[in-house]
Amino acid sequence: MEEYKVTVATGTSEYSGTNNYIYVTLVGENGQSERTILDNPGLDFCRGAVDEYKVCSPAPLGPLLLVRLEKQRYWVEDNWFCRYVTVEPPGGGIALTFPCYRWLIGDVKVEIREGTEIRMHTRVPIPIAPEREPSSYSYVCLSRWTAWASGIPKCIDAKTEADLHQDVRFDSEKRSDFEGSLHYYCMEHWKEDWFFGYQCLNGSNPRMIQRCKELPGNFPVSGDMVQGSLAPRTTLDKELKAGNIYLIDYAIMDGVPTNVIRGKPQYIAAPLCLLYEHPDQGLIPVAIQLGQTPGLDTPIFLPNDPPLAWLLAKIWVRHSEFQVFQLLSHLLRTHLLVEVFCVATLRQLPAVHPVYKLLAPHLRYTLEINCRGRTQLVSADGIFKRVVSTGGEGLLVLSQREYKVLTYRSLQPCWDFQQRGATTLKDYFYREHSLMLWDAIHSFVSGMISVYYQCDSDVVEDPELQTWIKDIAEEGFVDVPTFGLSNELKNKAELVTLLSVAIFTSTAQHAATNNGQFDWCAWVPNTPCTMRHPTPTDKDAVTMEMIMDSLPDVSQTCLEMAITWHLGRPQPDAVPLGQYPEQYFTEPQAQEVIDRFRKELKDIEEHILSQNQGLELPYLFLLPSRIENSITI
């Protein structure tokens, strides 16, 4: 009789343990062990426990192929989260690790492969039972795409988070949570032009600013208009040629349907904002037009206008910023984009595939938070409909417009900054930190892929990988011909870039747009969620009463503060970037790559902290320790 030593690790989150019956069968090339109930004296499978058992086989099993776990109900149903199983062969030797990291719900069987198993064409065939989890696991909703609305990326086919499988849902601590600060500094300085410019660089929507080489035809700013805002002995033409003039254009807002809140119409604008990188004052706004069509009713506001008129013009720009930041930079370009990778990965890649194991920690909770967002925030009767000027039809129109022009290259920060001509802007901390993080992530992904794919042909000949990219390109990003993502992977470099985009977007990019939103929006006049009065047409007619009538009312203000606090605060069970509590990879080479990644993130952390010492307004949103490993809020 051959005796194997088996250890079973139970999850660490609340309610991970079980009092149901758990059985194990070891399957090797030469046969399988006895079906063994795992039962020691006392309690088994408690939260966080690692229990040890003996499993017998009448003959040597040979190289182990898989571990079959079975859960059977004892009196009442009690779900169980298994982290991993290890098996030590008879007589000692190296223990093999079988990663699980999933919920066993109901009376089920699940077969898990040894952690070093890799691509499909290298696996040993197993005739006993199909390997893929859906055969023994109910992933009904995970197997289907659906269109939440036309003209935006496809998503998971789940009406609410309750339709999701437990494996992709919040644990109980996260679920219960769902149910001296920068914002004070913002309240004190929000009227100042330098602070307005700073937010264009390092606020919650730092991707809009672009170098202006030539003034748009619909923005007739003359040199005389802005001369007083420029440095001595220079002109607008000189500064345009020198590359010191920048533009933020909200043309995407033009004509978007507006919301009606409690029977009262709300208002939006599609501003153009010209900014100047002043040698002494930094980036400052020098001209604002609150519409795309110039005319008598669409004046160009200037810093030397009546102070209240200039202030109201900046408020209108910041109002447009709220719409674009929340719906496009945050929702569409991080949440919905990453969901495409979630669904395709669950549909097409088995849990032993290296790309599945690489992406899984960076997709944690994303499906549930997106389902909650669709039902609670941006639905027909959601919070945005109650408080945001583009709530209802407008938010879909805005998202559809952005999706039509979305490109794969714009998700790669190196290309994005170059395309916008924003590579030399001073104090653009978002750019500097993003590029550092991109390089670290790209190096990490490249190292991991090199462990499993030795050459380009390994990528080309991996059928599961090719089916995965085809699902992403043809199903997830459907009806967006300008996106520019091929439906096949031709080499390692393409795979590394694609995975880097997915991980960067789900970590650093999401942190940049999400984490500071309460800081910038808590003082509502700085970034109002809606406006209750049309844009001003006469500079001299702007009064404080008009400003107050334009800003959100008390109820809307409270809701904006509540939403941005809830969405932007640190999460109670956050896993920082580069930390992997669930050990998907067991190979020493993979662990070495992870260790190098953590070392590089530590160096970035130290650099950012050193850089921010003594700064009156620190930029810490991309501190690696404050970046979550996935989109969880």
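Glycine is treated like the rest: Cβ placed from N, Cα and C.
Features reported for this protein in TrEMBL:
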type	residues	note
BINDING	Gly17, Asp78	Ca(2+) 1 binding site
BINDING	Asp39, Asn40	Ca(2+) 2 binding site
BINDING	His330, His335, His510, Ile633	Fe cation binding site
DOMAIN	2-118	domain 'PLAT'
DOMAIN	189-633	domain 'Lipoxygenase'
SITE	Trp103	site 'Essential for stabilizing binding to COTL1'
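Feature map: annotations from TrEMBL on the structure.
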{"residue": "Gly17", "record": "Ca(2+) 1 binding site", "DSSP (3 states)": "coil"}
{"residue": "Asp39", "record": "Ca(2+) 2 binding site", "DSSP (3 states)": "coil"}
{"residue": "Asp78", "record": "Ca(2+) 1 binding site", "DSSP (3 states)": "coil"}
{"residue": "Trp103", "record": "site 'Essential for stabilizing binding to COTL1'", "DSSP (3 states)": "strand"}
{"residue": "His330", "record": "Fe cation binding site", "DSSP (3 states)": "helix"}
{"residue": "His335", "record": "Fe cation binding site", "DSSP (3 states)": "helix"}
{"residue": "His510", "record": "Fe cation binding site", "DSSP (3 states)": "helix"}
{"residue": "Ile633", "record": "Fe cation binding site", "DSSP (3 states)": "coil"}
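Other residues of the same chain near the Fe cation site, with their Cβ within 8 Å of the Cβ centroid of His330, His335, His510, Ile633, are Leu331, Thr334, Ile369, Thr513, Asn514, Leu567, Ile631. For the pair Asp39 (Ca(2+) 2 binding site) and Gly17 (Ca(2+) 1 binding site), the Cα-Cα distance reads 14 Å. Looking at Asn40, His335, His510, the binding-site residues in this record, the fewest other C-beta atoms within 10 angstroms of the C-beta turn up around Asn40.
Among the recorded positions Asn40, Trp103, His510, Ile633, the residue whose Cα lies closest in space to that of Gly17 (Ca(2+) 1 binding site) is Trp103. If you count neighbouring Cβ atoms within 10 Å for each of the binding-site residues Asp39, Asp78, the highest count belongs to Asp78. Rounded to a whole value, the Cα-Cα separation of His330 (Fe cation binding site) and Trp103 (site 'Essential for stabilizing binding to COTL1') is 30 Å. Here Asp78 (Ca(2+) 1 binding site) is positioned 32 angstrom away from His335 (Fe cation binding site), judged by their C-alpha atoms.
In this structure, the CA atom of Asn40 (Ca(2+) 2 binding site) is 18 Å away from the CA atom of Asp78 (Ca(2+) 1 binding site).
Summarising model confidence by region, the domain 'Lipoxygenase' (189-633) averages a pLDDT of 95. In sequence order, Ile369, Asn514, Leu567, Gln571 are the residues near Ile633 (Fe cation binding site), counting only same-chain partners six or more apart with C-beta under 8 A. Packing around Trp103 (site 'Essential for stabilizing binding to COTL1') is summarised by its Cβ count: 23 other Cβ atoms lie within 10 angstroms of its Cβ, all protein chains included. Separating the Cα atoms of Trp103 (site 'Essential for stabilizing binding to COTL1') and Asp78 (Ca(2+) 1 binding site) is a whole-number distance of 11 Å. Cα to Cα, His510 (Fe cation binding site) and Asp78 (Ca(2+) 1 binding site) are separated by 35 Å.
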